[in-house]
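Report on the structure given below.
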């Protein structure tokens, strides 16, 4: 039985057990129900402050974390990378030491995952991964919450398929989360776009003992046959602009189209963490069509992040 997660960092889902992830998901469900019932502020973190450090820009991450803190009775401070002394040469170590003297938690959205690990190492308060080049755990846990909300809580009974870049940071976190919870994820990507070996190693250590599985199927039509969930993400992330032409060419056969979705179950759902590059990884008819739950998925970011914040910030 989980009693407390206070003071824990939230850098990767691999740091959490099956029971702990379910505890966060159940807390998110409870908080969302109270919000929808009219409780716009649930003061679980009164007087607490969250520093939000952004090396990479964002719409959803900033708004969802900021509103989440305020709805928990706390406050959030936006700190752009260039606005901090980080942009003028101060080390991450010193930044972590100083910022953590002023606030109760730090959320950081960075390019290299190692920066998050260094922040956490030198911070006196919990550090939350708002996105890195390797992982996006808050997004993935939101996705799992949304899948359970729409399709039921037993992931082992669902066929969940990710189409596109197998090295995607959201996919990496989805693999770990779904696997730790005992589910299976199918990845359909071209050769050369497989998951990072570090994630495969973590999956084998943390997910396989819980019954987690993953499978790579190169043919997207074969992969989505009878799928319950079809998920995709952008082909060119921030920092990959130099590879844009090659990536688009390589991944073009993995575009999610109406024809592809017809091979999934009739009640299948389509997911995307957003922002979407319409016409690249997905066509308008899918993201705006009957399969799409992307807007519910985006809304759930706030509720899941409220649970994370409420549970780990002392």
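Glycine is treated like the rest: Cβ placed from N, Cα and C.
Noted in Swiss-Prot for the protein shown:
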| type | residues | note |
| --- | --- | --- |
| BINDING | 58, 59, 60, 61, 85, 109, 136, 137, 138, 139, 273, 274, 301 | carbamoyl phosphate binding site |
| BINDING | 169, 233, 237, 238 | L-ornithine binding site |
Inset, instruction - Among the binding-site residues 58, 85, 169, 237, point out the residue whose Cβ has the most other Cβ atoms within 10 Å, with all shown protein chains included in the count. - result: 169
Inset, instruction - Using DSSP reduced to three states, classify residue 138 (carbamoyl phosphate binding site) as helix, strand or coil. - result: helix
Inset, instruction - Would you kindly give the Cα-Cα distance separating residue 233 (L-ornithine binding site) and residue 60 (carbamoyl phosphate binding site), rounded to the nearest Å? - result: 15
Legend entry - Sequence-distant neighbours of residue 136 (carbamoyl phosphate binding site) in its chain (C-beta under 8 A, six or more apart): 129, 169, 170, 172, 173, 273
Legend entry - Local Cβ density at residue 301 (carbamoyl phosphate binding site) - other Cβ atoms counted within 10 Å: 25
Legend entry - DSSP-derived class (H/G/I helix, E/B strand, else coil) of residue 273 (carbamoyl phosphate binding site): coil
Legend entry - Candidates 233, 237, 238 (binding-site residues) - the one closest to residue 138 (carbamoyl phosphate binding site) by CA: 233
Inset, instruction - Name the one residue among 58, 85, 301 whose Cα is closest in three-dimensional space to that of residue 238 (L-ornithine binding site); these are the binding-site residues. - result: 58
